[in-house]
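As recorded in TrEMBL:
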type	residues	note
SIGNAL	1-29	signal peptide
DOMAIN	38-151	domain 'FZ'
DISULFID	C43-C104	disulfide bond
DISULFID	C51-C97	disulfide bond
DISULFID	C118-C142	disulfide bond
DOMAIN	214-521	domain 'G-protein coupled receptors family 2 profile 2'
TRANSMEM	219-241	transmembrane segment
TRANSMEM	253-273	transmembrane segment
TRANSMEM	303-331	transmembrane segment
TRANSMEM	343-364	transmembrane segment
TRANSMEM	388-412	transmembrane segment
TRANSMEM	432-457	transmembrane segment
TRANSMEM	492-513	transmembrane segment
REGION	555-671	region 'Disordered'
COMPBIAS	567-581	compositional bias 'Polar residues'
COMPBIAS	591-604	compositional bias 'Low complexity'
COMPBIAS	608-626	compositional bias 'Basic and acidic residues'
COMPBIAS	636-647	compositional bias 'Basic and acidic residues'
Amino acid sequence: MGHIVDFPLRRMWLFGALLVLSQFTSSLGILMDSVGSHSMFTCESIGLRMCQDLPYNTTFMPNLLNHYDQQTAALAMEPFHPMVNLQCSPDLRPFLCALYAPVCMEYGRVSLPCRSLCTHAKRDCQKLMDMFGVTWPEETECSRFPDCDESYPRDVDLLVNEDPTKQSSTSVQRDYGFWCPRELKVEPELGYMFLGVRDCSPPCPNMYLGREDLTLARYFIGVVSIVCLSATLFTFLTFLLDVTRFRYPERPIIFYAVCYMMVSLVFFLGFLLEDRVACNAANPSHYKTSTVTQGSHNKACTLLFMVLYFFTMAGSVWWVVLTITWFLAAVPKWGSEAIEKKALLFHASAWGIPGMLTITLLALNKIEGDNISGVCFVGLYDVHTLRWFVLAPLCLDVLVGVSLLLAGIVALNRVRMEIPLEKENQDKLVKFMIRIGVFSVLYLVPLLTVVGCYLYEQTYRSAWETRWVKERCKNYHIPCPFQKEVTSGPPLVLFIMKYLMVLVVGIPSVFWVGSKKTCFEWASFFHGRRQKDSGAVNESRQVLQEPDFAQSLLRDPNTPIIRKSRGTSTQGTSTHASSTHLAMLDDVRSKASSVHSKMSSYHGSLHRSRDDRFTPSSHRGMEERPAYGSMPRLNDQSRHGSTRDLSDAPAANITHGSSMNCVVEDDGTSA
């Protein structure tokens, strides 16, 4: 009974010793001259110890199981060494060698083992495989092979390969494409892809830049992101100081600044995080190096991608909205209130379109880590995603925005050339057109540079990848490309220019809000007082929307200009009544309030008829209208007295035409 129990123990010990011995012999069973990488189809001598002393002695790589060299094939055959040494089946060894080291014939011909050979080997060795926990590989299922009953190799295979020396001397150039190294392989459930190969990921750090260049690029991105963050944050805080200052058509500049403030913030976080989010950690125990993060399984990377991509696209859409509002103000002469009524549509477009694009990319699992900047974006390794989700939206925004911008500038220039305006309004209009042009150039030049960098990168991406494979193929033991001429890698200045222009796009917003009024508001804020200048109006809105300018656009060119003072609703005045009334109030009112009183009484003394002539009206406006500002009211006695004096005074002669206009111009100038 003891011998019966002892026999399984001895057998288990024997299996363990054979397993260790097989691993040792497999590591020594590869000839050194067959370890090289392959870029041509050639017949090579078999170096696998398990496949020695067969009817054939040459094979080819990659084999039928896509092992790119004999060293990789030997590692895959290790679990079957105990079964072969124990000779559980006479068909196991020929069957395994037919898959891992098939017979070499002329280029294009492959000989597969028969199904009966697979069935006999699996049936005879199934108990030993269950005992050692070895599973039959899925790629070696017997149903995959032809239904025949012949040994391997067949007689016809040996007749074709009668002279292996002559056959091996014949080489056919053959590019095997990219074979993912074991160090870059990832779990299948992650859905990674690199160079068209599934379950593979790019290496970290960057595959194109060295350590020194990578460090320089990261610090450069960090400094530029801080500058852009400061500029856009200043623009947004200036808006918060007085939210009524920036109305349409210039309100989109504020949202544009907010978008690029978030973009610069993400790049700054990427500078602080370095590779901790954009790259997966290395696992030396499983021969895994650090690889680029892909997909949405990394929550931090997904969050950085969502913020960065969403606000990048939203910033470009807000620039298009800005050109739309300028177009509406310049061509159809929409006022600020009319444009503001469309604000809901503007917001729905500017936030909704980027949101749908972001959700689509999340559903497609197209997120990729950027091991240069430390953030996560899209299209860094997938050219098709770059083309449709980055280049196409940016080019469309540039096309639409530039078209609307040019149409608005042409319309404003036509107004300046054809309709006679006062010199003051002429100067304001020219200044406004210059500001639009400068702001647009400061936005378009960086954006077009970014588009150019993406196009250049898309054009040469394949050549750069081929060069990288050629430089790393021997270290990774993968097939080398057979192309003799390989271009140089991407220059460092390309990445520097791309990231610089991506961030610089947000800086022009600070030039729009930069003015003396902005300095005054910040000075008032820091001194603890808020002094709002209600009479001060933004110049761009003042030129496009003030009544003088609107009337001058709609009037006949031969009609004289009637100018009114800002901040009042004055239309005209009676010189005699105004002088009488001012004489009565001279002791009570200051010089400035006297001017405003004259302008106020001027409104009440005239009535505009349908034929554009002005006729006298009642003096009720003079009696009851208070002076502009916080001036004390006259008592009842003084008010009645002024009325009696005015009733006794002779009627004022109202003149029309150019004389009235001269009076109005003088009043406006003194005011």
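The backbone N, Cα and C atoms fix where each Cβ goes, glycine too.
Bear in mind that TrEMBL entries carry predicted annotations, made automatically and left uncurated.
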Cα-Cα distance linking C118 (disulfide bond) and C43 (disulfide bond), given in Å to the nearest integer: 25
Determine which residues of the chain contact the transmembrane segment (343-364) at the Cβ level, with the cut-off under 8 Å and only residues 6 or more beyond its ends counted. 248, 251-252, 255, 296, 302, 305-306, 309-314, 317-318, 321, 324-325, 378, 385, 389, 393
C142 (disulfide bond) to C51 (disulfide bond), Cα to Cα, whole Å, comes out at 20
I need to check the long-range neighbours of the transmembrane segment (492-513): which residues 6 or more away from its ends have a CB within less than 8 Å of a CB in the stretch? 209, 213, 216-217, 220-221, 224-225, 227-228, 231-232, 234-235, 238-239, 246, 250, 253-254, 256-257, 259-261, 263-264, 267, 312, 315, 372-373, 435, 438-439, 442-443, 446-447, 449-450, 453-454, 456-457
For the transmembrane segment (432-457), sequence-distant contacts whose Cβ falls under 8 Å of one of its Cβ atoms, 6 or more beyond its ends: 253, 316, 319, 326, 379, 386, 390-391, 394-395, 398, 402, 405, 408-409, 412-413, 416, 490, 494, 497-498, 500-502, 504-505, 507-508, 511-512, 539-540, 543-544
List, by number or range, the same-chain residues at least 6 past the transmembrane segment (253-273) whose CB is under 8 A from its CB atoms? 218-219, 221-222, 224-226, 228-229, 232-233, 235-236, 239, 246, 304, 307-308, 311-312, 314-315, 318-319, 321-322, 350, 370, 373-375, 439, 499, 502-503, 505-506, 509-510, 512-513
Here the disulfide-bonded residues are C51, C97, C104, and the Cα closest to that of C118 (disulfide bond) is found at C97
Give the distance between the Cα atoms of C97 (disulfide bond) and C104 (disulfide bond), rounded to the nearest whole Å. 12
What same-chain residues, at least 6 away in sequence, bring their CB to under 8 Å of the CB of C51 (disulfide bond)? T59, R93, L96, C97, Y100, A101
Here the disulfide-bonded residues are C97, C118, C142; the one whose Cβ sees the most other Cβ atoms within 10 Å is C97
Using DSSP, break the domain 'FZ' (38-151) down into helix, strand and coil residues and give each count. 52 helix, 6 strand, 56 coil
